[in-house]
Each structure stands twice: as structure tokens, then as C-alpha cells.
Amino acid sequence: MELIFLGTSAGVPTRSRNVTAILLHLQHPTQPGVWLFDCGEGTQHQMLNTAFHPGKLERIFISHLHGDHLFGLPGLLCSRSMAGPPHPLTVYGPQGVREFIATTLRLSGSWTDFPLQIEEISAGDILDDGLRKVTAFRLEHPLECYGYRVVEHDKPGALNARALKAAGVTPGPLFQALKAGKTVTLADGRQINGADYLAPAVAGKSVAIFGDTAPCEAALALAQGVDVMVHETTLDASMEEKANARGHSSTRQTATLAREAAVGRLIMTHISSRYDDKGCQRLLAECRAIFPATELAYDFSVFPV
């Protein structure tokens, strides 16, 4: 998996940062895909600067209904209708996202030419497509708001072909069954258990993508042990009280969460427009002082998971 940041500003766009939107590129060898997390104003325009087209999107996850995370959705849906074959799309989000989509399309005389499914969610597992699971966690914000934890299923360990050949097993269909962990019977009557010839399973990659939030209990469960945590750092540590009062987090609080959750890396986003480039570097330094494995996202930054 890899993350492509389309917008990294908080509240309003700036000359260098658009409002929130993140692509998750699912780099599976046989079942690749593209998901979108939040869809602030101008998201479809930002996508024009990437290799991804709205028609490629399979799922959109909305964290909450504040405009800087949502107002790009109607335009993207309409443009997707003109994007070629009518591939299905599912939108996940809090209560009200269905009404928002229906109302904006109706009042603007617009429609979609593809199968559109809308899932209004609550906290808990919301998706398992056979390759990965998505769990939603309710966060602390003035509007109903969620963060999403995406975890790939573990991959089977490598098959010890050399040991199997030494045991008299001929490569071919039997190897496929053994790699699946099955027990096979050889021509001489011997039974071979595939589990005995498999290396330990390879843990799937994991990412936690937070919506806007002040510190809360659910945040630790959402982030616990993930390879990558994407979290807002709207304001610096000196403005922590103001950030929390508005349902946001400071640099110090975000970095402390990353450390306590033992994540692999922290990626900072949702930066207040009050910070210029020098100010953004100060935010990054505040996080790295607590959690060194921190990166600052810019529009069009790409991070592997």
C-alpha cells in the first residue's frame, strides 16, 4: 500500500496546500485498487496531478461532514459519471452523508451513471474484502467523526520447496495444496502436512487514518501498533488548549499518541493556514522531539506503508 496526499491544509486551502483528501493505493499483484479518504473542495482537480482518475476509485471513506473534508464529493461524483465505464462505487461516512449526497445532486439537477452505494456507519468493522479489513473508530470532534484502521490480512509463509523435494514430493499441483496448508497423500500412501513446510505467516501492513479529533480513548485503539499513523497536527504545542476546544490536537499530543501506540511512523497533516514553511518545520520539530519517526505531509507527498 501507499498513501498519496491530495490535500493537507486544515479548514481552508492555501497557495500550497489544498484541504483534506488522501488516496490509498492498494498495490496488490492481482487485485489492485484505489480508495479515497475524505474529499475536501477541489479534490478532483488535485487528482489530475496524479496517475489516478476518479473512475478508478472503488471506495470513499468520509471522516465527518465538515466542509473541508466533504465539499469536493458532489463534483467528484458527477465527474466520475463522465469518466468511462460505470464501475461501482461505495461511499462510507457518518449519519447524514446520504442526505448530503442526495440533496446536492437533486438541487443541482445532477445524477450518477454508475452503481452508487452509500453506507452510513457506526464504530466497528465496516468492511472485509477478503484481502484487508477496515474498522471505524469514533473520535472526539464537534460533529460525528471517525478514523479508519486498514489492516491487510496476513500472507502465507513461503513453502520450503527444497525440503519437500527431499521428501519425494514432485513440484506441481501438490505444491499448491501444501502452500494452502492442506494435507496431501502421496502415491506411496504417505501423508504430508503443508503446515509443516511453511514458514511463519507474513504480517499484513496496517495504517490508521484519523479524522479530526481531540485526544480521546479510541485514538489509542485505532493507532495501536500500525505501520503508519496519519494524524492531524492542526496547531503547535503552545496552542494546545485552543486546539482541544475545537476538537483538534496539538503537535505534542499527536506525537505522544504515536509513541504510546508504538506505531512505525507518524505522518503529520491537516496543518493550520497560519503556518508558513518555516512554521511547518517548527511543527515537525515539535513532533520529532517526542517521536523521531515523524514525517510532514505536503500536497502530493507519497509515502509507502
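Cβ coordinates come from backbone N, Cα and C, glycine included.
Copied over from Swiss-Prot:
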- D68: active site, proton acceptor (ACT_SITE)
- H64, H66, H141, D212: Zn(2+) 1 binding site (BINDING)
- D68, H69, D212, H270: Zn(2+) 2 binding site (BINDING)
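Mapped onto this structure are the features recorded in Swiss-Prot.
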| residue | record | Cβ within 10 Å |
| --- | --- | --- |
| H64 | Zn(2+) 1 binding site | 23 |
| H66 | Zn(2+) 1 binding site | 21 |
| D68 | active site, proton acceptor | 22 |
| H69 | Zn(2+) 2 binding site | 27 |
| H141 | Zn(2+) 1 binding site | 19 |
| D212 | Zn(2+) 1 binding site | 28 |
| H270 | Zn(2+) 2 binding site | 28 |
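For H270 (Zn(2+) 2 binding site), the nearest of the binding-site residues by C-alpha distance turns out to be D212; the candidates were H66, H141, D212. Taking the centre of the Cβ atoms of H64, H66, H141, D212 as the Zn(2+) 1 site, the nearby residues of that chain (Cβ within 8 Å, site residues left out) are S63, L65, H69, L139, P142, L143, C145, G211, T213, G247. Other residues of the chain with a Cβ within 8 Å of the Cβ centroid of D68, H69, D212, H270, the Zn(2+) 2 site, are A10, G11, V19, T20, D38, G40, S63, H64, H66, G211, E232.
Reported as a whole number, the C-alpha separation between D212 (Zn(2+) 1 binding site) and D68 (active site, proton acceptor) equals 11 Å.
Cα to Cα, H69 (Zn(2+) 2 binding site) and H141 (Zn(2+) 1 binding site) are separated by 13 Å.
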